[in-house]
Amino acid sequence: MKDMNQTSLAVEPSRAVVGALWMVLAGIAFSLLNVVTQWLTMKLAFPSASAAFWQYGFAFLFSLPFLKRLGLAAMRTHYPWRHLTRVVLAALGVEAWVAGLAAVPIWQAIALVMTSPFFIILGARLFLGERVGPARWAATAAGFTGAMIILQPWSDGIGWAALLPVLSALLWGASSLITKSLTGIERPETITVWLLVLLTPINGGLALAAGFAVPTGATLALFLLAGLLTAVAQYFLTLAYAAADAAYVQPFDDLKLPLNVLAGWLFFGYAPAGYLWLGAALILSASLFIMRNEMRRERKPA
């Protein structure tokens, strides 16, 4: 019995380490993806709506083996409109994010998009009727205060483009809320397949409306790389959550901030201002507090 307990204790930490490693690798892949996306939209001036289409279109192609394994039968659902709404919101979030990367430095964009959990809390209270205690409201207020410090709306240099990462956080938060409402009544495979199948045509429609652009030469190669990085990063996320509890691996997702700051400095020479770290500290602290609070709530007996 003693040997079995020791074996069990040895296995659990190893799974936790593997989960953390996959999450860090996902963060690195997303950081490189953001560099490629910003290079395409900012340096090469490729239209952002078309950029979103090509990036996720190629990601869809790279995801076809996964989709084939699941089969289109996984799309069977009693809630098609709910799925359609969440994917439309996710697609609009992608459009806002890519347009944001075309206009603002990576470090600012990634810090602001990390406000998404706070929009989820607001939405959970308003639309799902979840109870939100004073501590969670305080954490949400702290997170938005951090975002305001980074945005500096009182500055003369603030432009509408700086709000795009916040808009993407709002849209992705709304999409996550609908996903949350589906997790108890739908299979994970169904939720995943609907996203994979619908995201590309929706992005395609938005690209056509904005003036469709076709990449060639080196630009096409960069979009292939962006699609591959998107598929790989999402796959690494799946492996992370499969290896260990989400509550354990989620804090490692916050490493995306320093990883993106480093990537922005290496490839674009961005040197973030000191106020970034103050605002980011508020956002990170509030996010970690909310996560720990959620863990305690889930562990309470019904």
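Note: Cβ is positioned from N, Cα and C throughout, glycine not excepted.
Annotated features, as they stand in Swiss-Prot:
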- 30-151: domain 'EamA 1' (DOMAIN)
- 170-291: domain 'EamA 2' (DOMAIN)
- 16-36: transmembrane segment (TRANSMEM)
- 44-64: transmembrane segment (TRANSMEM)
- 87-107: transmembrane segment (TRANSMEM)
- 109-129: transmembrane segment (TRANSMEM)
- 158-178: transmembrane segment (TRANSMEM)
- 191-213: transmembrane segment (TRANSMEM)
- 227-247: transmembrane segment (TRANSMEM)
- 264-284: transmembrane segment (TRANSMEM)
- Query: What are the DSSP helix, strand and coil residue counts for the domain 'EamA 2' (170-291)?
  - Reply: 102 helix, 0 strand, 20 coil
- Tally of residues which DSSP labels helix, strand or coil - the domain 'EamA 1' (30-151): 100 helix, 0 strand, 22 coil
